[in-house]
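Peer 1: Feature annotation from Swiss-Prot assigns disulfide bond to CYS5-CYS23, CYS11-CYS34, CYS20-CYS39, CYS24-CYS41; the stated evidence is similarity to another entry.
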Amino acid sequence: DRDSCVDKSRCGKYGYYGQCDDCCKKAGDRAGTCVYYKCKCNP
């Protein structure tokens, strides 16, 4: 689910957020982005 994406997904310094994005999409959200190295899902 969405909260597990925040814990599991690594957010790199230079905008690498593929892992976060994939996780959020699997959780049923539109996309995922990184904010201050934390994965955030966009419903």
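Counting starts with 1 at the first residue shown.
Using the three backbone atoms N, Cα and C, a Cβ is placed for every residue, glycine included.
Are these features on the surface or tucked inside, and what touches them?
Peer 2: Counting only same-chain residues at least 6 apart in sequence, those with a Cβ under 8 Å from the Cβ of CYS5 (disulfide bond) are CYS20, CYS23, CYS24, ALA27, GLY32, CYS39, CYS41.
Neighbour count (other Cβ atoms within 10 Å of the Cβ, all protein chains): 19 for CYS11 (disulfide bond).
All protein chains included, CYS20 (disulfide bond) registers 25 other Cβ atoms within 10 Å of its own Cβ.
According to its DSSP assignment, CYS41 (disulfide bond) is in a strand.
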Peer 1: At a 10 Å cut-off from the C-beta of CYS41 (disulfide bond), count the other C-beta atoms across all protein chains.
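Peer 2: CYS41 (disulfide bond): 22 neighbouring Cβ atoms within 10 Å.
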Peer 1: Among the disulfide-bonded residues CYS34, CYS39, point out the residue whose Cβ has the most other Cβ atoms within 10 Å, with all shown protein chains included in the count.
Peer 2: CYS39
Peer 1: Find, for the listed disulfide-bonded residues CYS23, CYS24, the residue with the lowest Cβ contact count at a 10 Å cut-off, counting only other Cβ atoms.
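Peer 2: Among the disulfide-bonded residues CYS23, CYS24, the sparsest Cβ neighbourhood within 10 Å belongs to CYS23.
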Peer 1: Tell me, by DSSP, whether CYS24 (disulfide bond) is helix, strand or coil?
Peer 2: helix
Peer 1: Using DSSP reduced to three states, classify CYS34 (disulfide bond) as helix, strand or coil.
Peer 2: strand
